[in-house]
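K.L.:
Just dropping this structure here.
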């Protein structure tokens, strides 16, 4: 018993000594985590070089765009063919994908050989052979009469210019077909099919095996955004942000990058890591100086590395008693499969002996232990190097997404990964050690790259179908020049109807006289109070106008909230609240009890009977205070002031915000004769000739007309321009059938239009993978400020996703692009409609004055105009386009409509004083 224990101990010690001896000898092949992180850092730099326009030509790691812009989302369906060519055999596959709530893939495939003489013959022979095999396969399945889409996996270095156009850079893996390098392989295969003439197919996509692997796994796991192959060769691909890919135009979305990482180190960046054995392998290879990283890690070279180490150690008399056999000296005799077999056993001694004896050697126990250890070191180094480069890719994706922790899946294929007993486990452990901030899942691709090519094709078909469906919906919101001219024409007709005594009562565009007959002339002076009520907040202002235009205007103001219960209570409660706030403001300014002239900006539809008498026609913007509609708001305000008995005010003028805006800008620019607001609501005013204002007596001079253009279309005159989404938003609003034009252009409604379109797209499976979240069903979540943020040019899709996440909408990159597109279309239409209305106004002023050309300024205010990144520009372009005889300038009103009310009061006081004199 003791003897056997001693013997076991002796062998263990012997084994241990032998292992240590090999470890020392191969010290440079054993890489620490520190070294691996350094390699990872270098690889990151190489990736950036490959992506940059200026550095790409000289970069070793080519980072080739694949034009694959999306991974599967599980809704793909249809029948597809795939060709998988990447070695001496190639496969033809028929893939049927069904999506009836259960993702299901059916496959038929057949393997065809490529004879050596065809591999080395002409390109025509090669592609004719492929077409023949394809015909044979389609015959068997009896599908020759169908024109099916085909995906082509072509695993050779290519320069891809489109999804279905790929130029072979150079043959590898023993292929030498003449006349193919530098040519588009898709065109060559199409020609071969045409030469036969007995079937037709639609070649949609050409991809390499790495991309195929990512797509195959992406169908089962939607987090899969990296593809890895470690087999005869090695390569990886991953989804990169378009904004970083300089070789392809466009910044939106993502694209899969075929890294061609086998060439890492070809520029010398791994020279300190490569050993004498790596150099020897390279010198004896078919492509010296090329694919140096691949030669350190892939199955084609691993066995050869072990053989070279065994030879050198034998020559130095460290193994086999210094004896060599002819077989051991023969290149390629030690195969990668042998490494897997030897490492597959616990101690590997029996298998090592078998392999070494096959090579004509007579190994001792120590020789077998050493061989086992050499295999371990070579395969572990391979897994570690793979892990280092993968860590760089994961780190990059994590930074691209700006996530604290990245959840990502890597789709993997290749004989080394699948067949080596420990490679996968070592790779996983090392990756997780090197990037602790990532939760990485490795998913084996079971059906290889052929199914992946079919998936790329299926995704391309899905994207094209979905794109067509979305465009069909969105085209109703995209207005042509002629359509916009028609909107302008109709607006002019409605303006006429509102101004005319006969038609005014039934006209939706009310064209209300404001009794403001002059703009500032610069001689106004004095202290004025202004009230500005037009939304859930209102302002009280003290405006000090110094004599002369350059004396300027000094302003003090305070903002007060109007609680919802007051908005929806009685009129007395609302006006008592307003007076309470005025009292607070006067006290705050140290002016308690002072009597001042007051201008009141009241931004609701009113019928004005004089400058200081204005009858509220109807509440808008969510107000519902009872007992106000049909009443004079100045009287309601005065009554509330008397109820308080604390101060008295001289209410000189009541105006709406649009007029206030025109007056504010008129103080700066004498050409300003139009006011426009595009914010929560929308409206416009302008200086009309008195002779046309039939509701007011007098023919001389001009008067500002408050158009109340939000109601344009309430008589059905815009019905052919309204979409189902406009109708839905209108029906669910507080005032169905009213303010239809406003509901197509103003900030209060654009987000709702977008939300309704997104719901429609989701129901039809064109967005958010067809899943409608409860959040998306919630009215009002899509605030217009989000539209402004989403469309901001400096915002990457990443931030768009963050906004959508904040709204509780889990979105992919593709979803973010679609949401952004919808926002763009809706906001653009709003700006164009607004521009068409404005063109009608300025053209009317020009025609009123009988001018060939008019120079006019529009004073503008409102959050949509000011904050949306493109609204103003699109609107300006539209006005220029539709009213070419008018030179229109736009002046932003900086101090809002409150200052305008004070200026109107100042002008009125000036005119009143002049009259008294």
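Glycine is treated like the rest: Cβ placed from N, Cα and C.
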K.L.:
603, 604, 620, 621, 656, 657, 682, 683, 739, 740, 741, 742 bind D-glucose 2 according to Swiss-Prot; which of 587, 639, 700, 708 goes with them?
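P.N.:
Of the residues offered, the record points to 708.
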K.L.:
Going by the D-glucose 1 site in Swiss-Prot, where 155, 156, 172, 173, 208, 209, 260, 291, 292, 293, 294 are listed, which of the candidates 136, 235, 330 is also part of it?
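P.N.:
Looking at 136, 235, 330, the one Swiss-Prot places in the D-glucose 1 site next to 155, 156, 172, 173, 208, 209, 260, 291, 292, 293, 294 is 235.
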K.L.:
For the annotation region 'Mitochondrial-binding peptide (MBP)' in Swiss-Prot, which listed range does it cover: 1-16, 17-32?
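P.N.:
So the range that Swiss-Prot calls region 'Mitochondrial-binding peptide (MBP)' is 1-16.
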K.L.:
Let me make sure I understand the structure: which of the binding-site residues listed (30, 426, 740) has the fewest other Cβ atoms within 10 A of its Cβ?
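P.N.:
Looking at the binding-site residues 30, 426, 740, the Cβ with the fewest others within 10 Å is that of 30.
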K.L.:
What subset of the binding-site residues 85, 88, 414, 656, 682, 787 lies within 10 angstroms of residue 862 (D-glucose 6-phosphate 2 binding site), using C-alpha positions?
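P.N.:
For residue 862 (D-glucose 6-phosphate 2 binding site), the binding-site residues whose Cα atoms are within 10 Å come to 682.
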K.L.:
By a simple count of other Cβ atoms within 10 Å, which of 864, 867, the binding-site residues in the record, is least packed?
P.N.:
867
K.L.:
Where does residue 682 (D-glucose 2 binding site) sit in DSSP terms: helix, strand, or coil?
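P.N.:
Once the DSSP labels are grouped into three classes, residue 682 (D-glucose 2 binding site) ends up as strand.
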K.L.:
In which DSSP state, out of helix, strand and coil, do we find residue 532 (D-glucose 6-phosphate 2 binding site)?
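P.N.:
DSSP assigns residue 532 (D-glucose 6-phosphate 2 binding site) to strand.
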K.L.:
Please work out the number of neighbouring Cβ atoms within 10 Å of the Cβ of residue 603 (D-glucose 2 binding site), leaving out its own Cβ.
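P.N.:
Taking every protein chain into account, the count is 25.
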K.L.:
Does DSSP put residue 603 (D-glucose 2 binding site) in a helix, in a strand, or in coil?
P.N.:
coil
K.L.:
Using DSSP, tally how many residues of the region 'Hexokinase small subdomain 1' (73-207) sit in helix, strand and coil.
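P.N.:
Its residues divide into 35 helix, 54 strand, 46 coil.
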K.L.:
For residue 414 (D-glucose 6-phosphate 1 binding site), which of the binding-site residues 87, 426, 740, 867 has the nearest Cα in space?
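P.N.:
Answer for the nearest of the binding-site residues: 87.
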